[in-house]
Structures are given as C-alpha cells and as structure tokens.
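Reading through the structure tokens given below for one structure.
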Amino acid sequence: MAVTGAVMVLFLIGHMLGNLKIFLGRDSFNEYAHALRTLAEPLAPYRTLLTIVEIVLVVSVVLHMWAAISLSRRAHHARPVKYVAKKSQAAGYATHIMRFGGITILLFVIWHLLDLTFGVVNPKGFDAAPADRMVAGFDASRWWVTLIYLVAVVMVGLHLRHGVWSAFQTLGWANRSRNRTLRLSAGLLSAVLVIGFLAPPLAITFGVVK
Ligand code: HEM
C-alpha cells in the first residue's frame with residue numbers, strides 16, 4: 001500500500017503544480033499540456049512517456065485496492081469475532097474514511113477523466129484546447145461541478161492525511177517522540193495539496209481566471 005500510495009502522491013504533487021499553470025494564462029497551460037505529450041520526442045514517439053505514466057498509475061490504483069482488500073481480509077481472518085468494546089472511535093472513523101473515501105475518489109477520477117481528458121461531459125468537448133476545457137468546465141454557471149471537485153479533493157486530502165501517516169508507521173519511522181512531527185507533516189502535505197488543487201477551479205468559478 002505504501003509503495004503504490006507513494007507513486008500516486010508523487011503524481012498528485014506534479015499534477016497540482018501543473019494545474020497551477022492556469023494562473024499564468026491559457027497559453028502557458030496549453031504549452032504545459034502539450035509538453036506532457038511530447039516529452040522525450042524525437043527520441044520516442046508522441047505520448048510515449050505520458051502513456052508509461054498512465055500505465056504506472058493504473059497498475060498502482062489496482063495494486064493499492066488489491067492490497068487494501070487483502071489486508072482487511074487478513075485482519076478479519078485473524079479475528080472473525082468482533083471486539084465487544086471498540087478500541088477507539090478514531091480507528092472506526094479512519095477505516096470508514098479510507099474505504100468510502102477511496103471508492104468516492106475512484107468514482108471522481110472516472111468522472112474527472114470524462115470531463116477534462118476526454119471532454120465527454122465537458123461543454124467544449126474533446127477537440128478544444130486543454131485550457132478552454134478547464135475554463136469552460138468550471139464556469140460559474142456550472143458551480144455544481146466545482147462543488148463536486150471541492151468534495152472530492154477534500155476526500156483526497158483526508159485519505160492522504162491518514163494514508164501518509166500509515167506509511168510513516170509502515171516504514172518504522174513513528175515513535176513517541178516523532179509522532180507529533182510525522183502527524184503534522186502528513187497533515188501539512190494534505191493541506192497543501194487540497195489548497196493547490198482547489199485554487200484553479202475556485203478561481204475560474206469566481207471569475208479570477210478567465
Ligand atoms: C481539483 C482540481 C483538478 C484539476 C483542475 C484537474 C485538472 C486536470 C486536467 C486539465 C487533466 C487533463 C490533462 C490533459 O489532458 O492534458 C487532468 C487529468 C487527470 N487528473 Fe486531474 N485535476 C484535478 C484534480 C485531480 C485529482 C484530485 C486527481 C486524483 C485523485 C486527478 C487525477 C487525474 C488523472 C489520473 C488524470 C489523467 C492523467 C493522464 O492520463 O494524462 N486530478 N486533470
């Protein structure tokens with residue numbers, strides 16, 4: 001879970017930074033989208049590196065889900081009878097937020113690809129420039145789309161906060177003296193990603209980016 005999670009966190013950091021290019025103007029954003037597809041050209045054909053990244057991402061998502069399911073099965077087999085007294089409310093909350101959050105994020109990503117990658121549910125469609133799709137997609141008249149992104153990105157933030165913290169524990173970094181710092185780091189990384197991801201949709205909906 002930690003390795004595939006780390007791959008996705010790296011993708012999210014890069015994706016968030018790339019999205020922020022919309023603040024430098026539509027041309028800058030389109031150039032960036034074009035660069036993603038032509039990386040490694042002319043040594044490799046159009047879209048080679050991007051396709052590799054996409055394959056790595058799909059494999060990571062599948063393995064991450066497989067690991068989550070097998071870990072939860074293993075925990076169930078280890079103790080088929082439920083605890084009479086739950087250890088803490090927090091553990092139940094974390095399990096719920098990870099399970100339902102993960103499924104919500106997956107559904108969001110499918111819808112997000114139909115919107116901004118394939119243009120199927122976007123007013124500008126597939127043939128428009130990436131920046132035009134993005135600006136039209138978050139137009140004030142489609143405030144509900146921005147709302148969906150807001151909810152989904154907050155879910156991503158909560159998922160990451162717990163996921164990164166769990167990864168620190170898996171790596172054996174957590175101990176009593178470091179716990180506070182590690183928890184804070186996981187929270188900070190999640191907060192930066194949530195703010196960075198939400199800035200473009202909100203700026204477009206409120207007319208700051210046109
Ligand atoms: C909330 C703000 C977000 C915005 C404005 C945004 C914007 C975009 C855009 C414009 C594309 C298409 C890129 C292109 O075709 O050149 C894209 C692709 C993608 N986004 Fe997002 N995104 C956001 C959040 C997220 C989140 C939170 C995730 C994951 C949890 C995510 C996952 C993806 C994936 C997997 C792709 C496809 C990458 C590829 O195959 O090329 N995005 N996004």
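The backbone N, Cα and C atoms fix where each Cβ goes, and this holds for glycine too.
Unlike curated records, TrEMBL annotations are generated automatically.
Feature list (source: TrEMBL):
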type	residues	note
TRANSMEM	49-69	transmembrane segment
TRANSMEM	90-114	transmembrane segment
TRANSMEM	143-160	transmembrane segment
TRANSMEM	181-204	transmembrane segment
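Packing against the transmembrane segment (181-204) from elsewhere in the chain are residues 9, 12-13, 16-17, 19-20, 22-23, 134-135, 137-139, 145-146, 149-150, 153-154, 156-158, 160-162, 164-165, 168, 173-174, 210: each is 6 or more residues past its ends and has a CB under 8 Å from a CB in it.
Cβ atoms under 8 Å from those of the transmembrane segment (143-160) belong to residues 9, 12, 97-98, 101-102, 104-105, 108, 111-112, 115, 137, 186, 189-191, 193-194, 197-198, 201-202, 204-205 of the same chain, restricted to positions at least 6 beyond its ends.
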